[in-house]
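What TrEMBL records for Cys95, Cys98, His99 is heme c 1 binding site. Marked as heme c 2 binding site by TrEMBL: Cys239, Cys242, His243. For 73-204, 224-342, the entry in TrEMBL reads domain 'Cytochrome c'. The region 'Disordered' annotation in TrEMBL covers 25-46. As annotated by TrEMBL, signal peptide applies to 1-25.
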Amino acid sequence: MKRMKLLLTLLLALLLLAACNSSNEADGPADNDATGGEEPATTEVDEELEAAKAKFEPLGEIPVPEDNEMTEEKIALGQMLYFDERLSGNNKLSCASCHAPGAGYGDGLATFIGFEGFEGHRNSPTIINSGYYKENFWDGRAGGLEEQALGPIQAEGEMNQNLDELIEELNAVPGYVDEFNKVFNDKITADNIAKAIATFERTIVVKDTAFDKYLAGDDDAISDEAKEGMKLFVGKASCISCHAGPLLSDHNYHNLGMEGDDGRFAVTGNETDKGKFRTSGLRGIADTAPYMHDGSLATLEDVVNYYNTGGGAHPNKSELMKPLNLTQEEVSYLVAFLESMSGDIPMVEKPELPQ
Ligand code: HEC
Ligand code: HEC
C-alpha cells in the first residue's frame, strides 16, 4: 500500500514536471521563475540562443557602383553639397535640413516640413545605411543613391530647385568649379552632383553595434534582455520573416495594415502592391524615431506594440501580420534587442562651403 502511494506520488511529480516543462516552452524561458526548481533550462536556453544567433549576419562593406568609386575628395565635395542651402530654390534648405546628423540623419518629425512650410505626408527616413538598400525611398521608387539624390532637389514640396538653374548657380561659385574639376576632371553636371552626394552618403554607416560585436563572438556585448529579444525576433514574434539578411531587410515590400498611403502601388501600378512599403533595415534604429513611412509610431515600444496587435486594418495586409500575444516583458526584450542594434553614428559637421 505504502509502495503504491509512493509510486503514485512519483508519477504525479513526473507528470507535473512534464507539464511545467511544456508550459515553459510555450511561455519562453524568460519568465520561468514561478515554475521553480528545474535546472536543465540553461543548456536548453543556450541552444535556442545559438540557433537564433546563427540566423544573423554581419553587414559587410557598403556596395559601391562601378562608375562612382569612392575617393576622399569626392566624399568631401559630397559633404559640402549635402549641407549647402544653395541647392534649394530659396537657398534655405539643404539635405541636412531633413536628414540632420543630430537627429539620426532624419528630422525627428513624424512627417516632413518642406519648401516654404509645405507639409509632407511622409516621414524623412534616416540616410544611415541607405546605400545598402537595392532601392531607395519608402516605396523603393529610386534604383539607388545616385538616382535618389536629384529627386528632393527638384521636388516642389522639398527643395524646389530647377536643375539647370542650380548648375548655373553653382557655376558662378569658383570654389565649386574647382572642386568638380578636381574630383571628376569634369564640369558641374547634375550627374556629378548626384555622384558626389551619394558618395558622401555611403560614409554614413552604422555597422559596429553591440549586436554586431555579439555576432562576432563577444558574449557579453548585449544584455540578457537583448538575448531574450533575439530569440523572440526569430521565434515567437517572427520579425525575421521580413527583417532578414545582412541589412535586416529582405529588400522587399509588405503591407503592415497601415492605411492612407498607397506606397509601392505608385511605382508598379499593381493592385496587390497597395499599401506596401520597403522593409526597413534596423541598425541605428534607436536614433531615428519616429518610425514608419508616416512617422505614426513614436517609440520602439510603440512599434513592437503595433506588431503585437497584428497591425492595422488595411484590406491588403500581409498574411505574416498576426497578433503575437507577447507579454509586456517580452515587448521590452524585443525593444532591448532593437536597441542593441544601435551604436555610435558618424557625426559630420557642416564644412566650410565654397565661395
Ligand atoms: C524637406 C525635407 C527633405 C529634404 C530637404 C531632403 N529630403 Fe531626403 N527624404 C525626405 C523624405 C520625406 C523622404 C522619404 C520620401 C519617400 O519615401 O517618399 C526622403 C528620402 C531620402 C532618401 C531615401 C532613404 C531610404 O531609406 O531609401 C535619401 C537617401 C535621401 N532622402 C537623401 C536626401 C538628399 C541627398 C537630399 C538633398 C539633396 C535630401 N534627401 C533632401 C525629406 C527630405
Ligand atoms: C511582414 C513583414 C514584416 C514583419 C513580420 C516585421 N516587419 Fe518591421 N517593417 C516592415 C516594413 C515593410 C517596414 C516599413 C513599414 C512602413 O514604413 O510603413 C517595417 C518597419 C519596422 C520598423 C521601423 C523602421 C523605421 O525606420 O521607421 C521597426 C523598428 C521594425 N519594423 C521592427 C520590427 C520588429 C521588432 C518586428 C517583429 C515584432 C517586425 N518589424 C516585423 C516589415 C516587417
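Backbone N, Cα and C atoms are what each Cβ position is placed from, and that goes for glycine too.
Keep in mind that TrEMBL annotations are predicted by a computer and have not been checked by a curator.
Scoring each of the binding-site residues (His99, His243) by how many neighbouring Cβ atoms lie within 10 Å, the top position goes to His99. Counting only same-chain residues six or more apart in sequence, the Cβ atoms lying under 8 angstroms from the Cβ of Cys98 (heme c 1 binding site) belong to Gly106, Asp107, Phe112, Gly114, Ser124, Pro152, Glu158. Within 8 Å of the centroid of the Cβ atoms of Cys239, Cys242, His243, where the record puts heme c 2, the same chain has further Cβ atoms from Phe233, Ser238, Ile240, Ser241, Ala244, Leu248, Ser249, Asp250, Thr279, Leu282. The Cβ neighbour count for Cys242 (heme c 2 binding site), using a 10 Å radius and every protein chain shown, is 18.
Highlighted in sequence order, Tyr82, Ser94, Ala96, Ser97, Ala100, Tyr105, Asp107, Ser124, Ile127, Pro152 have their Cβ within 8 Å of the centre of the Cβ atoms of Cys95, Cys98, His99, the residues recorded for heme c 1, and are not part of that set. Long-range C-beta contacts of Cys239 (heme c 2 binding site), restricted to its own chain and to partners at least six residues apart, with a cutoff below 8 Å, comprise Leu232, Phe233, Tyr307, Leu334.
Confidence for the domain 'Cytochrome c' (73-204), expressed as mean pLDDT, is 97.
Cys239, Cys242 are the binding-site residues among Cys95, Cys98, His99, Cys239, Cys242 whose C-beta comes within less than 6 Å of an atom of ligand 2, given in sequence order.
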